[in-house]
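Take a look at the structure below.
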Amino acid sequence: MIWHVQNENFILDSTRIFMKAFHLLLFDGSFIFPECILIFGLILLLMIDSTSDQKDMPWLYFISSTSLVMSITALLFRWREEPMISFSGNFQTNNFNEIFQFLILLCSTLCIPLSVEYIECTEMAITEFLLFVLTATLGGMFLCGANDLITIFVAPECFSLCSYLLSGYTKKDVRSNEATTKYLLMGGASSSILVHGFSWLYGSSGGEIELQEIVNGLINTQMYNSPGISIALIFITVGIGFKLSPAPSHQWTPDVYEGSPTPVVAFLSVTSKVAASASATRIFDIPFYFSSNEWHLLLEILAILSMIVGNLIAITQTSMKRMLAYSSIGQIGYVIIGIIVGDSNGGYASMITYMLFYISMNLGTFACIVLFGLRTGTDNIRDYAGLYTKDPFLALSLALCLLSLGGLPPLAGFFGKLHLFWCGWQAGLYFLVSIGLLTSVLSIYYYLKIIKLLMTGQNQEITPHVRNYRGSPLRSNNSIELSMIVCVIASTIPGISMSPIIEIAQDTLF
């Protein structure tokens with residue numbers, strides 16, 4: 001009898017939960033329409049994979065790319081709509097969140113063509129790879145719009161779990177297994193630290209989980225200047241630091257970059273930073289509004305360490321992917337300047353603009369590395385010597401992307417850094433901007449060293465990899481070159497394009 005009553009109660013509770021979820025999806029589903037498109041694409045991928053043979057594999061790429069493009073289109077149609085909070089306060093829709101979602105979708109759209117030939121040559125499972133990429137994209141999009149602590153914790157876990165699986169996708173490669181093990185262990189530790197910081201924030205605010213309600217709760221409980229908030233700030237900064245990978249939270253980055261498949265590295269190098277930057281901006285700016293001096297100081301220290309450590313160690317690297325790993329550590333130091341400046345002096349607009357350029361510069365560089373790696377089977381920097389004599393197009397494309405990463409005029413990277421540093425200077429961050437300028441000059445040194453090797457490698461310096469270099473006969477090679485061309489063009493856009501981009505970015509301020 002007792003079991004029968006308990007069973008009825010369980011059925012009633014399950015029915016209520018289902019009806020509430022259906023009600024939320026029915027009335028709030030329009031707010032996550034771009035995300036719903038990706039979910040539909042995921043379901044369609046599974047259906048086609050389970051009912052088709054190997055000959056229908058091009059459809060998987062087509063469906064993945066189409067769902068991403070349709071999500072971008074849905075975002076653009078929703079542009080400039082009034083900010084809305086949906087799903088009982090768990091998700092917020094506004095221009096600021098949507099532009100970060102657009103950047104994530106753009107990264108994923110460009111990364112899929114990069115992966116086509118690599119997957120075919122390495123004979124990796126196609127469906128699972130695309131599923132992980134789309135699911136990670138979905139997690140990043142939900143993180144950008146997350147408005148409460150639970151969603152901010154769950155969404156990056158969705159992204160991170162797929163990232164762990166992608167980094168260890170080549171199971172026969174010992175370096176890939178090592179990379180995913182380190183990534184998983186350190187990612188799990190950082191998630192624990194992050195949720196511990198959330199628990200302090202939750203308790204100090206009187207049990208609130210929504211970001212704005214946390215501020216109101218801290219005011220009501222008079223805990224906004226308490227030691228508990230300082231503890232929460234430290235733990236949350238460490239937890240978010242793993243996602244952004246600034247120094248000293250960068251230890252996992254070089255090993256994961258070197259051991260993971262190159263298209264995966266291209267995907268992780270940009271999407272994780274975009275999603276984490278969006279989340280960090282809102283977390284620091286809203287719940288820690290009363291502790292702005294404290295988190296400004298913490299981020300300044302992280303930015304200085306990142307710019308110095310990343311660019312100094314990058315000089316000594318012999319692997320192209322490890323060099324880009326340390327370069328990305330330095331690049332995130334520049335992005336942090338925009339987070340510190342905030343919206344009062346155009347910091348967020350400059351950060352968004354620079355991240356848009358960084359996506360094109362970084363993905364363009366990785367596209368060149370994917371092509372070279374597939375044709376030669378090496379990642380060593382010295383093996384690039386004399387590439388210009390064999391493939392001028394690839395060598396020039398790589399040179400332009402590296403020069404843009406270094407910030408040489410008149411390339412896009414120069415104007416992105418210039419605007420970012422100018423906003424920091426106007427905000428009074430003189431020491432931070434000075435460090436940024438010095439480390440930018442330092443980064444140009446190791447980029448130019450690679451370019452010199454590409455263009456002027458002597459006969460005795462040319463390794464057998466370049467001497468026997470030949471183009472790939474695979475037709476899918478065109479997709480990699482297409483992504484590379486798009487990224488190279490975007491990396492070389494002159495300063496005339498800056499004004500409309502900055503105006504759009506300034507419209508995203510909450």
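Using N, Cα and C of the backbone, Cβ positions are placed for all residues, glycine too.
Database features (Swiss-Prot):
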| type | residues | note |
| --- | --- | --- |
| TRANSMEM | 24-44 | transmembrane segment |
| TRANSMEM | 57-77 | transmembrane segment |
| TRANSMEM | 99-119 | transmembrane segment |
| TRANSMEM | 124-144 | transmembrane segment |
| TRANSMEM | 149-169 | transmembrane segment |
| TRANSMEM | 183-203 | transmembrane segment |
| TRANSMEM | 295-315 | transmembrane segment |
| TRANSMEM | 323-343 | transmembrane segment |
| TRANSMEM | 354-374 | transmembrane segment |
| TRANSMEM | 395-415 | transmembrane segment |
| TRANSMEM | 418-438 | transmembrane segment |
| TRANSMEM | 482-502 | transmembrane segment |
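Taking Cβ pairs closer than 8 Å, the transmembrane segment (57-77) reaches residues 33-35, 37-38, 40-41, 44-45, 48-49, 98, 101-102, 105-106, 108-109, 112-113, 116, 126-127, 130, 133-134, 137, 141 in its own chain, all 6 or more past its ends. Among residues of the same chain six or more beyond the transmembrane segment (395-415), those with a C-beta under 8 A of the stretch's C-beta atoms are 327, 331, 357-358, 360-362, 364-365, 367-369, 372, 384, 387-388, 440, 443-444, 447-448, 450-451, 454-455, 484-485, 487-488, 490-495, 497-498. As a quick check, the transmembrane segment (99-119) and the transmembrane segment (323-343) miss the bar of 3 or more Cβ pairs under 8 A, pairs 6 or more apart, so the two do not touch. Among the stretches 124-144, 149-169, 295-315, 354-374, the one making the largest number of Cβ pairs under 8 Å with the transmembrane segment (323-343) is 295-315.
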